[in-house]
Amino acid sequence: MRFAGASAVADRDLVRLGPMRVYLGADHAGFERKNEIIEHLTKNGHEPIDCGAFEYDAQDDYPAFCIEAARRTVADEGSLGLVLGGSGNGEQIAANKVPGARCALAWSVETATLAREHNNAQLIGIGGRMHSLEETLAIVDAFLAAEWSNEERHQRRIDILAEYEKSGVAPAVPGAQN
């Protein structure tokens, strides 16, 4: 059974956006899936950049690979990134430690699309043990195909987070009694 939207999304992606540079980082739990995604991206004309793991090691730790993928994505404006592990949770957390990174956990085509459209996410975390290859590729293709909405309300929220990241001063809670 074909996972809904995979080929249509991939076709739209290349027509609208052209080839994308995509940084990928994964630990042992996402290692095989990362390599399958790299093959898929290459076949579809994209430029995948492997940030490790470069060999399977059941004892490796995800932070270095995910931070490297996020660091390089943030430094390369217009690029995107993917971080993979067993669930994608820790990988997303690690990527978000990089200043300026916006990494969302994507568990469906819809969450991957919304990550770009509403949050202007440059990266997504994907659970390598959570999805079939077909589902994973549909999530990746949806993320690459989606565009930032540029809606003022979404940008305002991103700006609030960026200011907090920069200053460490939490935004005021509307309606809160001090």
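We number each residue from 1, going along the chain as drawn.
Quick reminder: no glycine exception, Cβ is built from N, Cα and C everywhere.
D-ribulose 5-phosphate binding, as stated in TrEMBL, involves Asp27, His28, Gly86, Ser87, Gly88, Asn89, Gly90, Arg129, Arg153, Arg157; the candidate among Asn35, Asn119 given for that site is Asn119. Taking every protein chain shown into account, Gly88, Gly90, Arg129, Arg157 are the binding-site residues, and of these the Cβ with the most other Cβ atoms within 10 Å belongs to Gly88.
In terms of local Cβ density within 10 Å, Asp27 ranks first among the binding-site residues Asp27, Gly86.
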